[in-house]
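To start, the structure under review is shown below, and the notes come after it.
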């Protein structure tokens, strides 16, 4: 087959004209682009030169003139750059022209194919029409292409110009002022301040912070950073400013703490100095007392020595008399059993000597005893002892004391007790002690002189037994007055010692309160740490399960808690339970007490009744309605009678308290509160109104606290049960993966959970019981107080109703009306039927059973006891003032 010659490409004149126009347009466009770029570069260079001239303060053109050492090299470099740019542009233009030529060749092929031999006139007409359309559309498409190319070139030129500007902008030297302030001799930069220097010197820290902020502001003022970088620099500047402010606040707080510390130190030093001075004075007093006692012991020793000498002399005289008469044996027997009339002269002598020898240790015992025996007590003791069989010496001494107090001279001893009432502490410690010592010495000298006279008098044989008794009674009168004087001084010393003991007890109580607070804070930290661990455990358990082996290791490492740790937690939980202590008793005077009924405020006259379960044991701090200070009910107020102020004591047995349970809905409490808040309409005294208002507000707050405790208890219970269920699931997974040996730790963990649950739930139960007791006492106080207000002051307040914890089955309506009693003392509901009145009791019992069922359910089952629904026809005030949904909200709040 003969090969056909390829068709020759024939370019029409119109196409050639279009190509020429395109080339001319491209040349003009390239020239314009080059001129615009050169002008932009020149403008940018001028702008940079002007900016640096403004900032640096000198002209760059002068430096350029001085630095024009090699202008030819610079011109050559610029020329080479221009030639390279022109060559790049020429290559790009050649490439573009080649693409256009190829595109035009394709168009020529299509046009030659279309211009081929025409078959018919219709095809020729269609072809002509297509050519006309192409002639119209082609310039438009070329124009659109030109515009697109122009927009692309403009966009690329802006990007290229920005890049060129960034590359052409010379690197700016920042922080010249900071560098100028730094010493030029040191090669390194200035070192920043250490944290200790910042805390010590506030002025230096402020200057350094201002320097850093000014440096960051200089960065912000420059235009060489992008928006993101500027935002980051601004963030750093704000952080530095905030740190500076925080340090300033810390400085202020440190100064305030230093001033407080100095003030407390001064107070402590003053207190210690005063205590030291007081202790020194007290020691001086004790030393003076010791010296006085030592002196008294010396005097008594000398007297005892004299008495021994007198005893020997008397024995010698007695032996001499016995030898003279020759009847020594008979006289000895008679003197032991019953003295005869011949020996009555010698016996009083021995009796007086023995009496005085025994009175001295008795006086010593009285001096060192805390409270001396009264004269009447000594008379009774002397009478009782003299009646029995005792030795001769003791009988004689007691009989003489009885004779002394039985005589008429005892009337002179009774007024001595009167000055004991005036017990005031002396301002100076030395004067009373010196006076007391002087009086002691004088009294002892008088007493010893009189004792010596008495002994000499009894040694003589001229007086009878009656005269000797009279002399001894007169000589004993003044020592008793001395004893009373000493007793007065001893009472003063005892009172001073009691005062110091009270102060020491007070300091011990304050120290114990501080220790209790520290222990409570430690327990709170421990509870927070345990709660944080529980939250971390829950988060870890919510994460996707890992492989069995890794899961067992994680359980051993995270879930397992040693038994010792749980024992510590048990102790902490037991310590968190409120128990009566000395700190609580000390704080009871400062805590606001709940109002109590008049029966609890007034004790009985005989025996004080024991504390019942209704009385408060622990009184939490509660919010109250602001009222004026109350007046005591025991003091009469002007304008009121005493009969209205004194309330009769209400004696309630524990059996009656257990049987009666009072209830009052929130609507009635709100009505009472509204009625009591209206002062103008009520004519109650202020103390009665404040007491009733306090009872009402306390009852409402206790209801809210009961609901809060119940919700907290239930939340804690559900959390522990969910944690327990998760542990059980882990145990099952380990059993399935045949890793049961690793489940032992989880079993220990489950035991610890059960132990902790029992402890915490018991603590919450105790709190709930305490609130219930307070609530019952408030309601019983209302039942006691409100009817009396209604009777005496005509104030009609809603009274709590009496409900039975174990109500009997409701009888039919045909029952006799005598079995139906009113629910309150003065509150009656005659419009309700008997059957309908028994329904709330059944509902209350059913709701209590349902709550017990809720607490006894397991998490896995989540089933509740099925009970009979509450009929919808009952009003809400019969259902304790609230609907039956949800079951948890069974409290009247």
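Positions of Cβ are set from backbone N, Cα and C atoms, glycine also.
Among the ranges 806-827, 828-849, 850-871, the one that Swiss-Prot lists as region 'Disordered' is 806-827. Of the given residue ranges 245-273, 274-302, 303-331, 361-389, Swiss-Prot assigns the label coiled coil to 303-331.
Swiss-Prot assigns the feature region 'Disordered' to one of the listed ranges (574-611, 612-649, 650-687), namely 574-611.
Looking at the stretches 537-557, 705-725, 726-746, the one that Swiss-Prot records under the feature region 'Disordered' is 537-557.
Within the set 115-145, 146-176, 177-207, the record from Swiss-Prot flags 177-207 under the feature region 'Disordered'.
Mean pLDDT of the predicted structure over the coiled coil (303-331): 81.
Counting only same-chain residues 6+ beyond the ends of the compositional bias 'Polar residues' (197-207), those with a CB under 8 A from a CB of the stretch are 244, 247-248, 250-251, 254.
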